[in-house]
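K.L.:
The structure that follows is given in the form of structure tokens.
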Amino acid sequence: MASKTKASEALKVVARCRPLSRKEEAAGHEQILTMDVKLGQVTLRNPRAAPGELPKTFTFDAVYDASSKQADLYDETVRPLIDSVLQGFNGTVFAYGQTGTGKTYTMQGTWVEPELRGVIPNAFEHIFTHISRSQNQQYLVRASYLEIYQEEIRDLLSKEPGKRLELKENPETGVYIKDLSSFVTKNVKEIEHVMNLGNQTRAVGSTHMNEVSSRSHAIFIITVECSERGSDGQDHIRVGKLNLVDLAGSERQNKAGPNTAGGAATPSSGGGGGGGGSGGGAGGERPKEASKINLSLSALGNVIAALAGNRSTHIPYRDSKLTRLLQDSLGGNAKTIMVATLGPASHSYDESLSTLRFANRAKNIKNKPRVNEDPKDTLLREFQEEIARLKAQLEKRGMLGKRPRRKSSRRKKAVSAPPGYPEGPVIEAWVAEEEDDNNNNHRPPQPILESALEKNMENYLQEQKERLEEEKAAIQDDRSLVSEEKQKLLEEKEKMLEDLRREQQATELLAAKYKAMESKLLIGGRNIMDHTNEQQKMLELKRQEIAEQKRREREMQQEMMLRDEETMELRGTYTSLQQEVEVKTKKLKKLYAKLQAVKAEIQDQHDEYIRVRQDLEEAQNEQTRELKLKYLIIENFIPPEEKNKIMNRLFLDCEEEQWKFQPLVPAGVSSSQMKKRPTSAVGYKRPISQYARVAMAMGSHPRYRAENIMFLELDVSPPAVFEMEFSHDQEQDPRALHMERLMRLDSFLERPSTSKVRKSRSWCQSPQRPPPSTTHASLASASLRPATVADHE
């Protein structure tokens, strides 16, 4: 019994069922879930069951029906976990279930109404109430908020919420997220404001099953650091980390298609509302979101199955970002609570059965939580050291006095401000050099202004300021001084006043920084009435006792049922044969019912295995087709030398288990200088494909040439000289000669432009000569010879 209680403290699995919705009642769906709160059992009836098929029964640490309240779930199940986090343990609370079953309602609830607040706002109130009632302890509370959207980690509190963050792993601290923002909060109002800011940028969408469906897994991380002085007189620091996880749901896409025609997920407007889930539609981002959500939840199921089996040596934490972030919460250093949310309607039988089996497997996980005491990288220790250093500087500046001295010669010396000053102001202090009368050796200069307990900094600065003002007024009233000397003394006094003001400003900045750092540390027992604290504390103790009593009662009833079964088997004395027959018949029927239930469970597991195998085969075939397509593109369209360059740049990132490209410019090398454009490997001015090289070598179309696109066949021989002979008719009739010239000119001008461009070679390049029958030509016909040559061609 004790071992069972100890194991239940490390990991608790509870089930919660919502009531039937109006939409389900209008559609005529019946309720198939029965919740036995006293025994912690859930009974699921198959609406399509064959005659004689028994309902399936599952037992959990606690069960909450439709009439349960938010406070019941928190006080009985979650409150002990938050107390453990305040003691230095790691804790995780996550809700798992079908979309629309109330995951987000369970985790967040309705913030406006106190009775409807979920786990997260109640945890806020619990943490800061505990801090205000504690004594002699210092606390530092930090908050971070992230989401996993399509296997990408996003910081919901960043100014760039769409920026992708990297997941890293440290051998000492474990898995962490690089550059994740964290905010120090001092009260409930501040941490609620942080969460509301994150909810405004969280991805949500509308589906048929839920109008406000979460499209991502959201994790709100609270880190509580506590410093307490131990019996050895040393301060010991405990660090507790609380992960509040709101998972997106998994279901069939044909049930939860989007209400609109696709589209990407939109940011949420705040907390509250129904549970999240994945939907699928014909278009938009819904199918992608659903596939990524189902992939991560499938990886979570594989991790839980591997941890529950106790046979597998490999736990597939690296299959998704979600399982890597929950690595400590599942089988590691954490106390975990899983809330399985269920839908009671008959149309959700398959999803409810899958959720119940998932939760039933999770019961067998064994966590090993331990207190995180005195870690090296605590922010609280850094704050304490910084506050102590600032306090020492303030004491050094605030307790000032004068030291009695003998003869001294004054000189000015620039003294740098102590470390921690903003912008490092330089303060000029008067330094005295004391003379040793015995050996005339100068001692090292020491400042006149030293620590003294009789005056604080403010009084000293005020006195010095008044003294300088008096000296300044005395110099102005002294008529024996020359004007130049008076001006010089006044300038020195002004400079001393300016130095004094600078020192006062630096001290005020230092004091403000000290107060700001100290205000971030929450010290218990302040500003709360002791009598009210005692009453509230007693009330909470009574609530915890009642919740513990209910838990023990439930465990005792479960134990009694097991004992009754054992005693029935041990009974062997009967008063008559009829009684023996009745008892054994009853036992036989009970065993037969168990046998049928086991057979049905085996058949369901077999069907589930076949379905999962078919899904895996389909995914494998799809990946194989995509891989073949990429290989085909690489072999036919990418040159081998380019392929080799790409292959040489590839490397395996062991942290993310992904292949990545090495940067073209190595890390640490400045790329500010302009680099020369790389030349082609074959000597051309620009890269040329293999096909173009072959075509260019064969002398085909000029489109494949990189240079010398036009080849002109030049004829270097001298032009042919023709003898001009004029006919007798043309000499006598110049009008006919002129008309013939005009007709040839018109025929040349009427040629199409393409012909003129194509035949625009000079007459000396023409390969043909004029016909020998032409024995006469005029000067005009000689000028029109290109047209004649074109006609012959």
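The backbone N, Cα and C atoms fix where each Cβ goes, and this holds for glycine too.
Dumping what Swiss-Prot says about this protein:
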type: DOMAIN; residues: 10-365; note: domain 'Kinesin motor'
type: BINDING; residues: Gly97, Gln98, Thr99, Gly100, Thr101, Gly102, Lys103, Thr104; note: ATP binding site
type: REGION; residues: 251-288; note: region 'Disordered'
type: COMPBIAS; residues: 256-268; note: compositional bias 'Low complexity'
type: COMPBIAS; residues: 269-284; note: compositional bias 'Gly residues'
type: REGION; residues: 394-424; note: region 'Disordered'
type: COMPBIAS; residues: 399-414; note: compositional bias 'Basic residues'
type: REGION; residues: 750-793; note: region 'Disordered'
K.L.:
Along the domain 'Kinesin motor' (10-365), what average pLDDT does this model show?
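P.N.:
82, rounded to a whole number.
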K.L.:
Kindly assign Gly97 (ATP binding site) to one of the three DSSP-derived states: helix, strand or coil.
P.N.:
strand
K.L.:
Which one of the binding-site residues (Gly100, Gly102) has its C-beta surrounded by the most other C-beta atoms within 10 angstroms?
P.N.:
Gly100
K.L.:
Would you count the other C-beta atoms found within 10 angstroms of the C-beta of Gln98 (ATP binding site) for me?
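P.N.:
Result for Gln98 (ATP binding site): 28 neighbouring Cβ atoms inside 10 Å.
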K.L.:
Using a 10 Å radius around its CB, how many other CB atoms surround Lys103 (ATP binding site)?
P.N.:
30
K.L.:
Counting across all protein chains shown, how many other Cβ atoms sit within 10 Å of the Cβ of Thr104 (ATP binding site)?
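P.N.:
Around the Cβ of Thr104 (ATP binding site), 31 other Cβ atoms lie within 10 Å.
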